[in-house]
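What TrEMBL says about this protein:
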- Lys127, Gln190, Gly222, Asp253, Lys396: UTP binding site (BINDING)
- His223: substrate binding site (BINDING)
Amino acid sequence: SFIFVQDFSQAMSQAGSSQFQEVIRQELEYSMKVELDKILATAHSNEIEHTKKDLEGFKKLFHRFLQEKGPSVDWGKIQRPPEDSIQPYEKIKARGLPDNIASVLNKLVVVKLNGGLGTSMGCKGPKSLIGVRNENTFLDLTVQQIEHLNKSYNTDVPLVLMNSFNTDDDTKKILQKYSHSRVKIYTFNQSRYPRINKETLLPIAKDVSYSGENTECWYPPGHGDIYASFYNSGLLDNLIAEGKEYIFVSNIDNLGATVDLYILNHLMNPPNGKRCEFVMEVTNKTRADVKGGTLTQYENKLRLVEIAQVPKAHVDEFKSVSKFKIFNTNNLWIALSAIKRLQEKNAIDMEIIVNPKTLDGGLNVIQLETAVGAAIKSFENSLGINVPRSRFLPVKTTSDLLLVMSNLYSLNAGSLTMSEKREFPTVPLVKLGSSFTKVQDYLRRFESIPDMLELDHLTVSGDVTFGKNVSLKGTVIIIANHGDRIDIPAGALLENKIVSGNLRILDH
């Protein structure tokens, strides 16, 4: 199998003869099937059913991976989306709300993508259990939001969590704490797929277990897996039977992704009488968002194009804020009946994302993944809605955490809103250095969260700590050189200051 060492797809395209390529493909698929059968043979009787479903799904994905000629889109076919295919939120809001908004809400299910771990922020366990604000976790805030909705309108909007095998046990333990809240909570699991060796293209798992040293052998295949696993879990059918019609899907770490009644009304009571099956919330790019996926028109369909699919020669053009002005927030509204129809016809088409990883022992593996928004082109009558930036408030790093913990936001019934005291609606740019990466280090370095209402830009690097009641205004840059430590004293006001090496405070 030495031929695959360089780059499988390169070898394929150079192979020239399609017959030769076909032989290689068949051999790889056969070898993969043999290995997967061996793995399945190690499953206990109570695991066989779902392991089989997982491995079948993986086999389909692997088959497509071998068929496809790399991820690139044909750049010449990319067009700007037609005017009416991306609607401004203002226009949708201007329609107002009907009197019977409760009956519309009762058709909705909120789905949160809860497969991720908090590892990038130095935490063990599900990311959704990290404390974000006043001891509340992402999950607490989500439950509070929906509970507030159900109490205010006397409705029954359920919460569905898509867990992964990494987050399922811990999440289920925590769910007991909400047993008396006014929200029905359901969970289902993402598939569990085997990581494959980059050189041999065979699974590194030898058996079905995923604990101990085997944890590195398996992965959840991205949130595009939602369609198949939601359907396979039986939950999709149950919700349809209960009269639910739409799901609102978002990442659990996006604190701006609350249920929006105007968008829901637009879906249920479309102005032209024709319902959308898929709505993607997009928002305007800033310089910080150059990598986000964007909506384009491609072969007469709305299509999500991610940076990984862009041919190298066009990456700068893709990143340009002037040509592609919007990006996908991953807040999606999707018709349940459409998911069922497409899933039964095996007609949901999502590009494969090849995600290379290096394991602790140095082994190079690849994960085949898909993204939930990429399915937009498979649905009928899709629509983009250009929403305010406030609906995109993801917490990926402790720099993001600092923003949402600060007085820039006020918390009301689980929802964060920008403080009215801030004069401009944009969020300050915050860059905390590597000493702040882990949540526990970050928390140790702030005796209290600074006043940031008038902050534009904060950069902190090195061994820096903040005393109580510090105020930051304008542009503040604090850099402790290697071996030095800077302690910002309690009650300090830093406005347009550069603080460097040995605590000299300079006007900026």
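From the backbone N, Cα and C atoms, a Cβ is placed for every residue, glycine too.
Automatic, uncurated: that is what TrEMBL annotation is.
When the Cα positions of Lys127, Gln190, Gly222, Asp253, Lys396 are compared pair by pair, the longest gap among these UTP-binding residues is 21 Å. Here the binding-site residues are Lys127, His223, Lys396; the one with the fewest Cβ atoms within 10 Å of its Cβ is Lys396. Taking the Cα atom of each, Lys127 (UTP binding site) and the residue listed as 'substrate binding site' are about 15 angstrom apart. Every protein chain shown contributes to the tally, and the Cβ of Asp253 (UTP binding site) ends up with 22 other Cβ atoms within 10 Å. Looking at Gln190 (UTP binding site) and the residue listed as 'substrate binding site', their Cα atoms lie 8 Å from each other.
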